Amino acid sequence: MLCLASRMKTDIRTTSIDQQNIMTFAYVFSVTLMVTFGIISNVISIDTFRQTSIRSTTVGIYLLIYSCCSLFGLIMLVCRLFQLIDSLTYLPFFFICNVISGLASIFTRICLWLNGFTAFQRSLLSFEPSYIINKFRSRSIALKQIFCIIILIFLMHIHELICRVTLPDPVAPGKFVCQIKYPNALLILNQIFSTLHIFIPFFLHLLSTCLILTSISRRRALLHRTTYWKQWMKEFHTHSHLFVAPIIAMVCTLPQLVLSLKYSCVDISIKWLLRLNTSANLLIYIPQSITFFLFICYSEVYFRTFINESIFGKLLCLKRNTNNKIFPLTATHTQLNNETKLRSKMATNKSHDNKNTQT
């Protein structure tokens, strides 16, 4: 199984010479654009979530760590593009293949799980306080959960790190490709893990969001004396943005899972399948690139914190206030006098023109 950058390089090398520069530009431009956008989005998100009003909550801690992991994963993705350099020697290629690519895969999966557990922590806020609920809401428990998630994901990727190999490129002599060569037993284990990494966080997110809607609907149905299901549908429309993150994560990760289950080994001569696999691997990084839009834009509280407390929010407000600057009264008075004189002068010239026309 070829890795992402090796798929790109193989596609470029097996393309006609006059199309190779176009293919190289297309791959590098698309990855660079997504990574640049993602770095800006995650830096702004980190600046927002590090504020005391947010990071003092368990949900804020999860979102802060999620943004940091997303940023690190995107940096690892752009580092993988160095494998496209033909002059790259064996040692740096080996390091990128066995370390950088492995870390990129690991942090992508960590982000999926943190996404699901963020929704779980948010759902706990909608329940009545109790000893167990308060235990799970505590910051110390949240940090322990995050640590356990990271360690667990690393352990579930040991087989992948071991099976990554750097081999001579069969298409271009003297060059290298990065592959993952699983034995049959480890291939089945990898498919099981890949399925768990996608579906468990997705269903955890959906379940947590439904619990939030259920708790809110029950209280408001009693308060407003309406039917439960009618209130539930109303809350569903009001809080539908909570379903955006899990749906986008599922849509972006499911194609890669389906292709990996159906085509564990891709023939490089089948261009459409090779490019489809490459596109599916790039789709995985989209949720990590739009952190700001997933968690801040749709939240009134987080967006207010971004505008009022974060560095980038304050700079944005300063820029907007500068563009809409209100002049002092004396300056405004002077401008009005100048405009009045200009208009009277234009009216005088126009009357002279009319007289000359009539004569």
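Numbers run from 1 along the shown chain.
Glycine residues also receive a Cβ, built from the backbone N, Cα and C atoms like all the rest.
TrEMBL does not curate its annotations; it predicts them automatically.
The feature domain 'G-protein coupled receptors family 1 profile' is assigned by TrEMBL to 41-295.
Here the transmembrane segment (25-49) has long-range neighbours at 8, 11-12, 55, 60, 63-64, 67-68, 70-71, 74-75, 77-78, 81, 84, 278, 282, 285-286, 288-293, 295-296, 302, 305-306, 309-313, meaning same-chain residues at least 6 beyond its ends whose C-beta is under 8 angstroms from one of its own. Annotated transmembrane segment per TrEMBL: 25-49 (among others), in sequence order.
The transmembrane segment annotation in TrEMBL covers 61-85 (among others).
Residues 3-6, 59, 62-63, 65-66, 69-70, 72-73, 76-77, 79-80, 82-83, 145-146, 149-150, 153-154, 156-157, 160-161, 164-166, 176, 178, 197-198, 200-202, 204-205, 208-209, 242, 245-246, 249, 253, 284-285, 287-288 of the same chain, all 6+ positions outside the transmembrane segment (91-120), place their C-beta atoms under 8 angstroms from a C-beta of that stretch. The annotation transmembrane segment is assigned in TrEMBL to 91-120 (among others).
For 141-159 (among others), the entry in TrEMBL reads transmembrane segment.
According to TrEMBL, the feature transmembrane segment maps to 196-217 (among others).
Here TrEMBL flags 238-259 (among others) as transmembrane segment. Counting same-chain residues at least six beyond the ends of the transmembrane segment (238-259), those with a Cβ under 8 angstroms from any Cβ of the stretch are 112, 115-116, 119, 194-195, 198, 201-202, 205-206, 209, 212-213, 216, 276-277, 280-281, 283-284, 286-287, 290, 294-295, 298.
Per TrEMBL, transmembrane segment is recorded for 279-298 (among others).
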